Amino acid sequence: MIKAVALESTVIAHGLPRPLNVQVAQQLENLARQKGCEPKTIAIIEGQVKVGITLEELVQLGMKNDVMKVGVAEIPVAMAKKAWAATTVSATMRIASKHGVEVFATGGIGGVHAIEEWDVSQDLVELSRTRMIVVCAGPKSLLDLRATMEMLETLQVTVLGYMTDRLPAFYVREVDIPVLRVDDVSEIAAIYFAKCKLDLPGSVLVLNPVPAEYEISAEQLLEWDRVAKEELRRAKIEGKAVTPFLLAKLAEISNGKTVRSNIELLKNNVSLACDIANELARYKTSS
């Protein structure tokens, strides 16, 4: 049985500095293979949707300057324009699910922005529609976390904290927002299969805290965020460019600490996603 784990490509094209982006993407794919899973990095290459890309395509995706960033709404645009495009969480989910992939590992999900009225990520809508298991380190820290969690609840997304009953927030292991706790992958698999049995739409969102040694304190991050968002206001950047701009600014302000944290939480999430994929396979084989 093929145990596939989907990986997004936005982190390659827009999330990490070059050439580290390509190196990390390869490390994530290799980690999945070492854990007995088949990595499926999702991207659009010259207008063609790819579920799994070659090393050459991965390198080009990481080095090209004109790679689109697409959510679900922009997939047909990239296809029609025969463009190179990196898929966000929402686009990766939709494409992976259409190809039978049930587990997806990413860094963090988008959500409700604290700094722009009516700026809400497509990720939240897709999490409410597509039935799969999504492993992440929580909503990105620069978001309005309470508003994001309220939206997830309203959209009836099943949200689980892995070995935590407090919300992980990307670089921060936990903030004071409660979540439902699970302590092993068998629980996650059982919840997912119960959702399938009832034919309930939407994802099981597994929040996996960043490893403790790579956590950034909430106080430190708050100060860095303040500086980065002030730069954002001065630059008058909007839309899909907001998150990449803020991540780049945080990396600059923190002397690379946020980049190291980002890389390690990605590895941590891929590892857990593979454990879950292996558990799903065991369940299907035994039932």
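Placement of Cβ uses the backbone N, Cα and C atoms for every residue, glycine included.
Just so you know, TrEMBL annotations never went through curation; they're auto-generated.
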Checklist entry - In TrEMBL, the residues LYS69, SER121, GLN122, ASP123 are said to bind substrate. Which of VAL49, VAL51, VAL89, VAL103 is said to bind at that same site? => result VAL89
Checklist entry - Helix, strand or coil at LYS69 (substrate binding site), per DSSP? => result strand
Checklist entry - What span in Å does the substrate site cover, taken as the longest CA to CA distance among LYS69, VAL89, SER121, GLN122, ASP123? => result 13
Checklist outcome for this item: Close to VAL89 (substrate binding site), taking Cα pairs within 10 Å and only the recorded positions GLU8, ASP119, LYS140, are GLU8
Checklist outcome for this item: Cα of LYS69 (substrate binding site) to Cα of GLU8 (active site, proton donor), in Å and rounded, measures 11
Item to check | Nonlocal residues around GLU8 (active site, proton donor), in sequence order (Cβ under 8 Å, 6 or more apart) | outcome: THR41, ILE42, ALA86, THR87, THR88, VAL89, ALA91, THR92, PHE104, THR106
Next on the checklist: To the nearest Å, how far is the Cα of LYS140 (active site, nucleophile) from the Cα of ASP123 (substrate binding site)?
Outcome noted: 12
